[in-house]
């Protein structure tokens, strides 16, 4: 499967950073102007209006205004610049960032192995590098804690899911709310961030026309904004990188304009605003405004993010403390300084935002908790299904004892049996041959699985091994995908798999036999059949009502609507055989 060469879609792998051309890096930087900085540059426009609302509107004098400005400046400096640009971006996972990327690093370095079919050979992937083997006393203690307390691994997973779901819950609502009040997190070059930026920019720009044309009715402002947005959305299908190219010059012009106007107004009207860069004004602001000032910080935080994403910032800070300890192996004093510095700031903002929960902040929180429950049920159901597969798998020795024909009539062709197991023979195979005691001359057990890296190179995609002696004609193929890999629709999986098997036979010790290679190619010409186990998970009769609801209703619904292996690998429907099985978990 060929990966797209566009850097903005792939990310820059650390080990390939030197090979990336300067032009590609400059292109990425240019595109980010149309997304990241366009978003950030619009946000502060609404901070003062939101901050000085309610009871704080009685405190609009120079001291309070300077205090809010100081909060905005230091929030950008400490959170956006120092924390994210200088520290968090350095903890990338082969060019990928975000909550799951940090979690992936921790899983690899701390050997958490939350994926049920993890193998040691996965650790040999070029993108799996875990750095130097040296350990510190602190990193050893943290790893030992996770090893001795398996429940702590589950708690960490839920903690990561919570942070991710908070970002999703905020993103669901933000595009539908006026830019005067909210904005969304712009942590990556994705479509949601672009749409939010455009929504805020278009609505603000069209609303600004009313200053020149006061008689322009509010309804016309909305209609014009919608027309512009529909036109923008219509070009979104051409890709994020192309839209970013279009709006990069617009964002650049906007940034130059507001910076020039800001410098002019500072010099002409109030040069004293420069003194507000002193953090002393933050202390004066809180001292003079008291509880109202603390609550108003929920408006200041809009300069970098929205109502629910402050919790994501806290999650990121906590994960970074683990990364600094386990991955970077920093000293305890350094880790504590990071946690106390950024954690205290974000906790201050988080508590001020919590005050807004009764006023509508409960909506994204409710959405986030809903997504969290769905994700956890999916993780629980798939884990239980895998445990069932492992417990009920057929022994290889039992299959070999049946002889080369494995107790069946071997017909021409290749049979691909899809399974979640990386070892042993799946129960679905025994279920199949019990009802149809005939199978293909070449038998391949195919396991499509995810690994704890963002990308898997095409040369490392397939891991082929032999099941039983050569005369049995049985192979196992483990097909590995990273958490950022997306199988392409135009992907000749069948040919790639057969080529990988042929290459494996040719490179076996002693060299591949010509007769076996001919048998494989003849089987391919005779046709390939796909045997897919259609499993249905059900809770045991002794299970609680809550578990039955989670497994029999929620998990069953998600399984039915989830893309199956046949869709992921573009399996043709004509040679597809589905074998139904019921799993009791």
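Keep in mind that glycine also has a Cβ here, set from the backbone N, Cα and C atoms.
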Of the residue ranges 220-238, 277-295, 296-314, 315-333, the one that TrEMBL records as transmembrane segment: 220-238
Per TrEMBL record, range annotated transmembrane segment [choices 127-144, 361-378, 379-396, 397-414]: 361-378
TrEMBL annotation of transmembrane segment - which of the ranges 20-40, 41-61, 104-124, 335-355 it falls on: 335-355
Segment-level pLDDT (mean, integer) for the domain 'K+ potassium transporter C-terminal' (412-583): 85
DSSP helix/strand/coil residue counts for the domain 'K+ potassium transporter integral membrane' (195-306): 95 helix, 0 strand, 17 coil
